[in-house]
Every structure is written in structure tokens, then in C-alpha cells.
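To start, the structure under review is shown below, and the notes come after it.
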Amino acid sequence: MLTAAVLSCALLLALPATRGAQMGLAPMEGIRRPDQALLPELPGLGLRAPLKKTTAEQAEEDLLQEAQALAEVLDLQDREPRSSRRCVRLHESCLGQQVPCCDPCATCYCRFFNAFCYCRKLGTAMNPCSRT
């Protein structure tokens, strides 16, 4: 409660000071630009109307946009169709894929509760591809 009373008193004391600062402003009739309204003693604060584009700049911008559109179309035409892979190479992930490993002696080997799977050659005694 005491804090609210102190803040109220501070605000009431500060209001006359802010009103006195506003009294020194120029009358509103003679003001031509918004930067003169707030600070008449500082000319040119940089508040200017946006510059109009010249016809040369507009033509250059149109040419750039047209060139970008043509480049996108040409990129799509020159792109080769993706080759659908029928197998997974050695040491590449085979997790969730329904295609076999490219190497006939490799198998999809999974570790860490089937969270990490990759094509790997496994050497066993019964496997004809085993390393000897």
C-alpha cells in the first residue's frame, strides 16, 4: 500500500515537468513536416518520403525477375530423373527399407534394439561368402 502511494506521488510530481517540456513546441499550424513537429530546433532528422523508382531501375528489376524465372524453368528441364535404387550399398542405412543390400554377401545388420541398421558383410561358417 505504501509503495502504491509513493508511486502515485512521484507520477503527480512528474506530470507538470512533462507539460512544461511540451509548451516550448512550435504551433501546429506552421508545421510542414512530421520531424519539425517534435523537434523544431533540429532540422532534417531523416524522415523523408520514399524515393520513386526511375524507369531504368524498374526495367532492370523486371529483367532480373524474368531471368530468375527462366533460370528456375531451365533447371527443372535439365535435371535428370532420379534413378530408383534397387539396393542399399555397404555401410549405408537399411533401416525401414524394403530393398536388399547391393552386395549378395551382405545383409541388413541391426544393433541397439533395431534402432541402427546398415548393410554389412557377415562372415559365418555356413555362409558361402564368409571370409576365410
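Every residue, even glycine, has its Cβ placed from backbone N, Cα and C.
What you see is a predicted model, and the numbers here were worked out from it, not measured in a lab.
Taken from Swiss-Prot, the feature signal peptide covers 1-20. Here Swiss-Prot flags CYS87-CYS102, CYS94-CYS108, CYS101-CYS119, CYS105-CYS129, CYS110-CYS117 as disulfide bond, drawing on experimental evidence. The annotation domain 'Agouti' is assigned in Swiss-Prot to 87-129 on the grounds of sequence analysis.
Features as recorded by Swiss-Prot, highlighted on the structure.
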residue : record         : CB count, 10 Å
CYS87   : disulfide bond : 15
CYS94   : disulfide bond : 21
CYS101  : disulfide bond : 22
CYS102  : disulfide bond : 14
CYS105  : disulfide bond : 15
CYS108  : disulfide bond : 16
CYS110  : disulfide bond : 14
CYS117  : disulfide bond : 18
CYS119  : disulfide bond : 21
Local confidence of the domain 'Agouti' (87-129) - pLDDT mean: 82
Residues of the domain 'Agouti' (87-129) by DSSP state, where helix covers H, G and I: 0 helix, 15 strand, 28 coil
Cα-Cα distance linking CYS108 (disulfide bond) and CYS119 (disulfide bond), given in Å to the nearest integer: 4
CYS87 (disulfide bond) and CYS101 (disulfide bond), distance between Cα atoms, whole Å: 5
Cα within 10 Å of CYS87 (disulfide bond) - qualifying disulfide-bonded residues among CYS94, CYS108, CYS110: CYS94
Candidates CYS94, CYS102, CYS105, CYS108 (disulfide-bonded residues) with Cα within 10 Å of CYS117 (disulfide bond): CYS94, CYS108
